[in-house]
Amino acid sequence: MDHCLGSAQFTYRRWRNPEQRGEASSGGHCDESLGTDNETCTVTTVPSAAPSSGPDGTGETFTVEDALEVIGFGAFQWKMSLLTGLSWIGDAMEMMILSILGPQLHCEWRLPSYKMALLTSCVFFGMGISSPLWGNLSDKYGRRVSLTICMCWTLHYGLLSAFAPAYGWLLVLRALVGFGLGGTPQSVTFYSEFLPAKARGISIMLIAVLFWAVGTVFEVLLALWVMPTLGWRWLLGLSTLPMAIFVCFCLWLPESPRFDVLSGKRERAVGTLTSIAKQNGTAMPAGKMIAYKQNDRGRIKDLFTPQYRKTTLLLWFIWFANAFSYYGIVLLTTEMFQAGDSYGASQGAKIDPSCSLECKYLTSADYKDLLWTSLAEFPGLIVTLLAVECIGRKKSMALCFFMFSLCILPLYACIGRTALTIFIFLARAFIAGGYQVVFLYTPEVFPTETRAIAMGTSSAMSRLGALITPFVAQVMLRTSMYLTLSVYCGCSVLAGFASLLLPIETLGRGLQESGHDEEARGQASAYYCPCNDSGSVLTF
């Protein structure tokens, strides 16, 4: 900011829609139109004192957000996309294994249906316990540290589970794998803190959806190749390959400059930003970077301050419903495909009236249909990419939940395998899209000081939903198809309304560094002071 003398012109916006009060960016966008629900008012006054100048005498200062906007999206962010994307590919493969491993062990180890469901649920149990812990670790000791440790942990126990000699050992080892996977959502927090605002929506959606979709499709292709010849142990071992690649290159990752600023390490943050600018072929903004130290980070109670309480509770339910519905449709796919022609005839009572110990191995046709439904992740990506930038995050989540419910309704009727595949394809496309929108929305709505713990606790709620869903999709399904489908429809409809009730829309909104920033914005105090010969302009 220039040293401002003489009269000053103060410009502020009067908002008719209170939801948009916090959407203005403080990094030099005071003239940007944010919609039709506001008007700009200008008054003139004489400043009582000139602002303090920087060490170079120019008085210019900038924030991390300003620096990232100037640096822009370039080579560094592409490298980050690929590296953090590997963690998503590994996570998706470990999740997709659950729908493939169950039928195989059901036959090989003669497991009843409740033990199959328990094998799936133990992974989500581990994830649910660890997600807040990884979030707390990330907020206290750094994003890079947390993500690296959780990937090393998952790689270690993922490889060990391939050598499990019995069901009990496999149960414990898969729970430990889940404990490591609970930290994977921190890659979104980590990645988002290197992105300029205008590229954040598309970039997070691409890594969260594209790499997840690549992981699920690759796992099915790997199973199609490995399972008939080498067996499930090789499948478990080879599925850790993306995490092994991540661990090999993780030392290249820098710490988040936003985290460094809040930790009082301004020099390291400036060094990181300078390196990013060099790799992108751009320059750092002139002046001194504004920074302050925040000692109390990673506290769950900070999520329940007045400005975030409603958002936190609604998001927890939305995350729960997303995981419950997404993993439910994934598990329902293999169950319904295994039922074959008996699916339509037995919906009124049981999907499989025979003994629960009777097994059916997945055939090549089952794998191919599973591949087709997994490819639904890609059209889901396209739909959500368009929706989040056109209608906003909240309405995009609601749209995905409502469309998922509509696609489930035809499954109540007696439909053939082709129609079944089509409707499951559509349902999975929408719920996968909705899942990724909430991954985008959550780090945007919370400030840096609580962003990781917010992602961690929200992820824990999603794992609770994923922990419960096997007992619905694999156990309740054998009692009543109608009841099972009704549970999924009802849950997604409620989540759709919860999405619309969220108090903050984050489209076009810069990332907040602390809760104080949000309070200041709520009081209309977004500051901006570019000076020229005629005076200074401050936007309130």
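Just so it is clear, glycine is given a Cβ too, placed from its N, Cα and C backbone atoms.
In TrEMBL, annotation is done automatically, which means it is predicted and not curated.
Straight from TrEMBL, the features:
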- 16-35: region 'Disordered' (REGION)
- 80-507: domain 'Major facilitator superfamily (MFS) profile' (DOMAIN)
- 114-134: transmembrane segment (TRANSMEM)
- 141-160: transmembrane segment (TRANSMEM)
- 166-183: transmembrane segment (TRANSMEM)
- 204-226: transmembrane segment (TRANSMEM)
- 232-253: transmembrane segment (TRANSMEM)
- 313-333: transmembrane segment (TRANSMEM)
- 370-389: transmembrane segment (TRANSMEM)
- 396-413: transmembrane segment (TRANSMEM)
- 419-441: transmembrane segment (TRANSMEM)
- 485-504: transmembrane segment (TRANSMEM)
Are there three or more C-beta pairs under 8 angstroms joining the transmembrane segment (141-160) and the transmembrane segment (232-253), sequence spacing 6 or more? yes
Checking 141-160, 313-333, 396-413, 485-504 against the transmembrane segment (370-389) for Cβ pairs under 8 Å, the most are found for 396-413
When counting Cβ pairs under 8 Å to the transmembrane segment (313-333), the leader among 141-160, 204-226, 396-413, 419-441, 485-504: 485-504
One stretch in 114-134, 141-160, 204-226 has more Cβ pairs under 8 Å to the transmembrane segment (166-183) than the rest, namely 114-134
